[in-house]
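Colleague: Encoded as C-alpha cells, here's the structure I'll be asking about.
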Amino acid sequence: MSPLFFFLWTLLTSVSAQLRSGFYVDNCPKAESVVREVLRRAMINDPRSAASVMRLQFHDCFVNGCDASLLLDDTATMLGEKLSLSNINSLRSYQVIDKAKKQVEKICPGIVSCADIIIMASRDAVVLSGGPNWEVKLGRKDSLTASQEDANNIMPSPRDNAIFLINLFDRYNLSVKDMVALSGSHSIGKGRCTSIMFRLYNQSGTGRPDPAIEPKFREKLDYLCPIGGDGNVTGDLDATPYKFDNQYFKDLVNGKGFLNSDQSLFSSDARTREYVEFFSRDEGMFFTAFIEGMLKMGDLQSGRPGEVRKDCRVANTRPMKHMEILYNFSN
Ligand code: HEM
Ligand SMILES: *[C@@H]1O[C@H](CO)[C@@H](O)[C@H](O)[C@H]1NC(C)=O
Ligand SMILES: *[C@@H]1O[C@H](CO)[C@@H](O)[C@H](O)[C@H]1NC(C)=O
Ligand SMILES: *[C@@H]1O[C@H](CO)[C@@H](O)[C@H](O)[C@H]1NC(C)=O
C-alpha cells in the first residue's frame with residue numbers, strides 16, 4: 001500500500017459506524033437543538049416543509065444507506081439522485097437542510113454529518129407536526145458519491161401495490177408492520193396530480209378509475225386533477241396534512257387514500273389491511289410502530305467510505321477509482 005493511499009484511507013472512516021444516541025454530546029452538544037430550531041422557522045414560512053424534510057430520510061436511506069447521497073448535486077462526472085425518477089420536481093426543502101448544516105457548522109465545524117442532520121430533522125418534523133418524540137441514533141458519515149441509477153431502480157412508484165411494497169421493504173429487513181407504519185408518514189404532506197392520474201382515469205390500463213376510491217372523494221380528486229390538467233397541482237395526502245396523526249389510516253379505511261400505494265394497503269392485501277385497521281383505531285400503537293420503523297430505516301448503511309461534508313451538496317473528497325479498490329482490499 002503506497003503511503004499516499006494509506007493517508008487518504010485513514011482520513012476516511014467507513015460509513016458503517018456504530019450509531020448511538022447522544023453521539024454529539026461532547027463535541028457538539030447543541031447540534032440537535034439548532035437543527036430543530038431551523039426546522040421550526042422553516043415551517044413558519046412553509047408549513048409543508050416538515051413533510052418535505054421527513055420524506056428526505058426515506059429517499060436517502062433506501063438508496064445505499066443513510067449517507068446523504070441524496071443531497072449531492074450533479075457534477076460533470078456524476079449524475080446525482082436529485083433528478084432521479086421519484087425525486088425530480090417532487091422532493092423539496094433541500095434548503096432547510098442546507099440552513100441547518102450552515103448553523104451547525106458555525107458552532108462546531110466539521111463535526112456533524114449531513115446524513116445525521118437529515119435523521120434529526122425528520123424526527124423534528126414529526127414532533128413539530130404534533131407527533132411523538134424520540135431519541136435518534138447518530139454518528140453517520142456522508143457518502144463521497146451518489147447514484148441516479150440506483151435511485152431510479154430502487155425507489156417505489158405511486159402506482160405500486162401492497163404486495164410490491166411488502167417485498168421491497170423486506171429487502172431491507174423491514175416487516176409488513178414496519179412498512180405500513182412508515183407509510184403513515186403520509187399523514188403529513190402533499191402529492192402531485194401526476195402521481196394519481198392513472199388511478200383516476202385508467203387504473204392498471206382498464207380505462208376506468210380505481211374502484212377502491214370512495215365515489216365522493218373521487219369526484220373531488222377528478223375536479224382537482226382533470227384529464228389534461230396541470231400535473232404539478234398538489235392534493236393533500238390525508239385529511240389533516242399538517243398534523244401527524246392516524247387520520248391517514250382512517251382515510252384508507254374509508255377509501256380516501258390519495259396514492260394508489262396508500263389505498264392498496266387497505267384494499268388489496270389482507271396482511272397490510274390488518275395493520276391499517278389496527279393503526280386507524282389506536283394512534284398510540286401507530287406512533288410506537290412508526291418510531292420503530294424510523295429507527296430501523298435509520299440504521300441502513302452502505303459500508304462504503306465516508307466523511308463529514310462541509311457543504312451537503314458537494315463531497316469534500318473527490319472519489320477515486322483506486323480508493324474503491326483499496327476499500328475492497330481492506331474489507
Ligand atoms: C411505502 C412506499 C412509499 C411510496 C410508494 C411513496 C410515494 C410517495 C409519493 C408518490 C409521494 C408524492 C410525491 C409527488 O407526487 O410529488 C410521496 C410523498 C411523501 N412521502 Fe412517500 N412514499 C412511500 C413511503 C414513504 C416513507 C417511508 C416516508 C417517510 C418515512 C414517506 C414520506 C413522504 C412524505 C412526508 C411525503 C409528502 C412530501 C411533501 O409534502 O413534500 N413516504 N410519497
Ligand atoms: C437483513 O438481515 C439479514 C439476517 O440477519 C442480514 O444478513 C442482512 O444483511 C440484513 N439486510 C439488511 C439490508 O440489513
Ligand atoms: C390505459 O392504459 C392502457 C395500458 O397502459 C393503454 O393501452 C390505454 O391506451 C390507456 N387508455 C387511456 C384512455 O388512456
Ligand atoms: C412540473 O413543473 C416542472 C418545473 O417547472 C416542469 O419541468 C414539469 O414538466 C412539470 N411537470 C408536469 C407533470 O407538468
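Backbone N, Cα and C atoms are what each Cβ position is placed from, and that goes for glycine too.
Here the structure is a predicted model, which means the values were calculated and not measured.
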Colleague: Looking at Ca(2+) 1 binding as recorded in TrEMBL, which candidate out of E37, E81 goes with D60, V63, G65, D67, S69?
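Modeller: Within the candidate list, TrEMBL flags E81.
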Colleague: By a simple count of other Cβ atoms within 10 Å, which of E81, D238, D245, the binding-site residues in the record, is least packed?
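Modeller: Fewest other Cβ atoms within 10 Å, among the binding-site residues E81, D238, D245, is found for D245.
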Colleague: Using DSSP, would you call T240 (Ca(2+) 2 binding site) helix, strand or coil?
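Modeller: Once the DSSP labels are grouped into three classes, T240 (Ca(2+) 2 binding site) ends up as coil.
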Colleague: Taking the recorded Ca(2+) 2 site as D238, T240, D245, identify the other residues of that chain whose CB atom sits within 8 Å of the mean position of the site's CB atoms, giving them in sequence order.
Modeller: S187, I188, A239, P241, K243, F244, N246, Q247, Y248, D251
Colleague: Determine the recorded positions, out of R55, H59, G65, S69, P156, D238, lying near ligand 1 in the sense that the CB is under 6 Å from one of its atoms, and give them in sequence order.
Modeller: R55, P156
Colleague: Just jot down the residues in the same chain as S69 (Ca(2+) 1 binding site), at least 6 apart in sequence, with C-beta under 8 A of its C-beta; none if empty.
Modeller: D60, V63, G80, E81, S143, T145, A146, S147
Colleague: List, in sequence order, the same-chain residues at least six positions removed whose CB sits under 8 Å from that of C66 (disulfide bond)?
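Modeller: Set apart from C66 (disulfide bond) by at least 6 residues yet with Cβ under 8 Å, we have Q57, D60, A115, I118, I119, R140, M297, G298, D299, L300, Q301.
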